[in-house]
DNA sequence: GTCTATATATAGATAGAC
DNA sequence: GTCTATCTATATATAGAC
């Protein structure tokens, strides 16, 4: 029997709360500086209970990565509703700029996570982080392809690379306005591609 | 009295060896996963002796950062010998592409270090990492300024951002050829700026 | 399913002989 | 200046009562 839905922590969604907290805290503190106790506290779950849902810390990190992948899929899913591929790409830039304060403080969630996981000798989670970035590249490439532009795979690398680069600089210099300025530049670049 | 220069480890340069090892190992493993024992082993210095040269781990990390800053200053110093600013920027791209294998495996030394330090709550070393990136931005901006291009500061952000972005993607996807392809694109972009 | 108490491992840092 | 042995703190993970 599950508990009644009366108490503040219903229990049925504890796993979800832990995933969400893991994504948030790992983004803010990084994988290595985040303890399971940190995540447990953020999710309002007692330390020992965490292990009922996730057997190891790596599983929690994997859950955090999956959470970010889910956010990204949700975003591109919404953008797919827009009729024009160019419009979709511009809206993605707008969404990135809209996150400028968080990005200036903690960097791109997926990018910083991938960079940190890539430093690990055990080739496991690092590959999964690469897959999340790969899926964003694939979505972007598809937009360029629909626009009948040459070398859509190269354009996708330039586009996503520009985002990762501006995110890292905004974070390193703690300046959200870098996202605004470079976002404008990226939008102008998209327009310039259509002229040719 | 210092030892004779006969033994393999002369002692006078132990500090230098530790700095070099710290830069190398921290680049490969990241700050948090690198132990002082790792650095000591890489520098061929006994663990306890490290503390004679660096009182804390943070001082070793700071030394690694200074080492990378030195490499960068050395590189831009050589580029300053070239007569034309456009030539200098293109040569910098070539240097980056020349490092493609290391970058695909471990990322940009300064970029990944800055990203990792920015996750720390204690606002100390993270600011210094930002300064190293800032100095590269300043050097780049100066080149654009000498070329009489508009908004040299913005162009510098785009240029360095493109490098950071392609480095992160090459690292996340473990593909050095991303550096080659995007390097070519970056060089073409530099040329296109001169046409206007 | 939940939670407290604790075992175990690791890493930063120090003591003190040489 | 050098180096071994060790202290101490922290974090992952588990045991076992409820």
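Each residue, glycine too, has its Cβ placed from N, Cα and C.
Annotation comment: TrEMBL describes A:12-72 as domain 'HTH tetR-type'. Under the heading DNA-binding region, TrEMBL lists A:35-54.
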Per-region confidence, the domain 'HTH tetR-type' (A:12-72) (mean pLDDT, whole number): 97
Same-chain residues at least 6 beyond the ends of the DNA-binding region (A:35-54) whose Cβ lies under 8 Å from its Cβ atoms: 8-9, 14-15, 17-18, 20-22, 24-26, 29, 60, 63
Helix, strand and coil counts within the domain 'HTH tetR-type' (A:12-72) (DSSP): 47 helix, 0 strand, 14 coil
